[in-house]
Amino acid sequence: MNFHEYQAKQLFAEYGIPVPAGRIASSADEAVTAAKSLGNGPWMVKAQIHAGGRGKAGGVKFCKTTDEVKQAAATMLGTKMATYQSAGVALPVNLVLVTEAGEITKELYLSVLVDRGTRSITYIASSEGGVDIEHVAAETPEKIQTLNVDFVEGLQPYQGRDIGFHLGLEAKQVNQLSKIMISLYQLFNDKDLSLIELNPLAILSNGDLYALDGKINSDDNATFRHKELAAMRDKTQEDETEVLASENDLNYVTMDGNIGCMVNGAGLAMATMDVIKLNGGEPANFLDVGGGATKERVTTAFKLILSSNKVKAIFVNIFGGIVRCDMIAEGIIAAVKEVGVKVPVIVRLEGTNVDAGKQLLATSGLAIIPADDINDGAKKAVAAVTV
């Protein structure tokens, strides 16, 4: 799950990580009130969307007067903003964050993430902050420091200090960085996060470190034990179809192709998309109906797939282990009748009660195209959209 900057900073503050004072606003007048409550300025006004790169899209403004604050907020609120990190999707700006604007002397980069390669929580730090870390890694990799944390020992203070010295920080800043890193480690583990990014982690004119911008992602699989994080979810920033899918316990991801996919099991779903690509097609979605698929869930899955007008065919690929093929067949028949599917439906069934399932489809009177295996199904789906 993704979070807004202001939500990330709330969590940072709870764990003692220095952040500039700030308030959120949903109108230009509220933004002015927020600015006045923070002092005499200057201020930063920042659009709150689930994407980085807001500055280049006009979503971050430096303001010296409350009139400028009002103008900046009015320009952002109620609009949709696309950045180079939003994958071409324009996200609604419903809130702005108004913060104190400190005098920056140096910008650093610091992040915490799960490194699957080393199977560890890993820190990435750089003396080049305020820019994309990917560019730094490509152009000046010597300016990046990495630290893989031993799972048993956890992060030790000396490791944070070592990073600080390599970044060229002064003694006071080295100790501050070490404390920030330890706090981030605790936050990361306490909340089951998958990413924390401070960019920039700035040195202000008083010599202190502050997290001027922050990004966090949490592990969706752990949301059930973090109701306080679930309450922060902003569905307006998410794909409407994916939100509906999650509400129905379906794992759905929108893609750019024209062949809808309905599969049980994430691994088989990914393999299905691969085989479609291998045969020259483009999947329109990833959709895992799960091992406990019911007729109702299959019907909902069809509705989700057909919510996109790009879908020209649907490939249903089911391996009946836990789920029975005859039950899936009943669900497919009911869904096709209820939804009124107008595009070709290709079905491959294998596993428990497969013969009964195929018989139900064959005698349904519906124009359902049977497939012998995954490759045959993919070929027929590709052929259906290229007619």
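Cβ atoms here come from the backbone N, Cα and C positions, even for glycine.
Substrate binding, as stated in Swiss-Prot, involves G321, I322, V323; the candidate among N264, N279, N375 given for that site is N264. Comparing the Cα of N264 (substrate binding site) with the Cα of every entry in G53, G102, N199, D213, these being the binding-site residues, the smallest distance points to G53. Among the record's substrate binders, N264, G321, I322, V323, no two C-alpha atoms are more than 10 Å apart, and one pair sits at exactly that spread. Counting other CB atoms no more than 10 Å from each candidate's CB, the binding-site residues K46, R54 peak at K46. Just so you know, of the binding-site residues E107, D213, the Cβ with the fewest other Cβ atoms around it within 10 Å is the one at E107.
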